[in-house]
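Q: Before anything else, here's the structure in question.
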Amino acid sequence: MVTYWLVFSFVAMLSFFERKQISIHLIRLSSIPVSWCFIWLVLVLVIGFRFEVGGDWGAYLRYLDRVADLSVTEALALKDPGYQMLNVFSQYVGGGIFSVNLMAATLFVTGLMVFCANQPRPMLALAVAFPYMVIVLSMGYTRQSIAIGLSMIAFYSLIHNSIYRFSFWLVLACLFHQSAILLIPIGVMLSNRNRILGYFLLALTLCGAYFILLQDSVDALYYGYIESEYQSQGALVRVCMSVVPSLIFLTLKGSFDLQPNEKKLWTIFSFLSITCLILLYISSASTAIDRVALYLLPLQLVVFSHLPEVFGSKRKSNIQWTSLVLFYCALVQFVWLFYAQNAYAWLPYKFYPFLWL
């Protein structure tokens, strides 16, 4: 548990010293600060070298064992071919589950930090993401965490009016978790440039990916989550975590310094979050709703990283509002680590290289 609090405290401390970015531009490697690269490395190592951490640790070991005697073609025929390729690659280079987790962590953390860098307070956005998206999601839902990381790059591309890059990153996300296909309509609704061509290209690309790669998996998703009416523990709490920023955004949307297409995107996310809450009360398939709601988590990063300027002054540091956001994040982390029913699977945190010391 100490590791979780040390990393969170470090990110939180850095968020106190950052000021709102005047403008958000396309990210270039030459403009990435050294501190950002250091945090990227720390997160990749902490996530990738975890040992016996996460509720599905045993399941992912079985995934790895399953491809040991399969050819590449046979592995690609399995569910979530992108993740299976990580397993196949690990069989060739060695390293076992740690090679897989390091590659998965690289994809997730890169997507997360690209998304955070596009916010007015990147470190604060990362601090918001840490309690649930980093600790719970990336260490417990490995396949879907990759899909969410890649989908955040897709959203970044969409915000910068690139429907083509959005299509590419979303198809890639679908290869790691079929549920990412549910994000397709968002791209269509936000396509601004060459709208007709964008619709055609998006539909052609994603329909082709669906029929070639994902049809069986999407059918399994429907029958596994919807028809069987699986129940997900804590779904209400997780959905409410997105509903709160949704209500803040919808109420104070005019105070958020966002481009028109960004406001449209996060308005859609806000209504989807509220819809998920309603569906939890009228549907018994809470696992399906919970898994879909995970893709709405980036809304929290957007809303809470804007709050210091929404409630404070655009010309001041607004440290009191930053402190309030960080207190909320620390509270979320504390409650989850101490009171979540399955938190035991994340405790204690074990870093594999240190086990040899």
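Cβ atoms here come from the backbone N, Cα and C positions, even for glycine.
Annotations for this protein, taken from TrEMBL, read as follows:
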type	residues	note
TRANSMEM	26-51	transmembrane segment
TRANSMEM	92-116	transmembrane segment
TRANSMEM	123-142	transmembrane segment
TRANSMEM	162-184	transmembrane segment
TRANSMEM	196-215	transmembrane segment
TRANSMEM	235-253	transmembrane segment
TRANSMEM	265-286	transmembrane segment
TRANSMEM	292-312	transmembrane segment
TRANSMEM	324-347	transmembrane segment
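Can you tell me where each of these features sits in this structure?
A: If one looks beyond the transmembrane segment (235-253) by at least 6 residues along the same chain, the residues whose Cβ comes under 8 Å of a Cβ in the stretch are 132, 263, 266-267, 269-271, 273-274, 276-277, 280, 286-287, 289-290, 293-294, 296-297, 299-300, 302-304, 307, 310, 332.
A Cβ distance under 8 Å defines the sequence-distant neighbours of the transmembrane segment (324-347), meaning residues of its chain 6+ beyond its ends; these are 1, 4-5, 8, 12, 15, 53-55, 57, 124, 127-128, 130-132, 135-136, 139-140, 233-234, 241, 304-305, 307-308.
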Q: By Cβ distance under 8 Å, which residues at least 6 away from the ends of the transmembrane segment (292-312) in the same chain are close to it?
A: 20, 115-116, 119-122, 124-125, 128-129, 132-133, 137, 141, 144, 148, 151-152, 155, 179-180, 182-183, 235, 238-239, 241-242, 245-246, 248-249, 252, 255-258, 266, 269-270, 272-273, 276, 318, 320-322, 324-325, 328-329
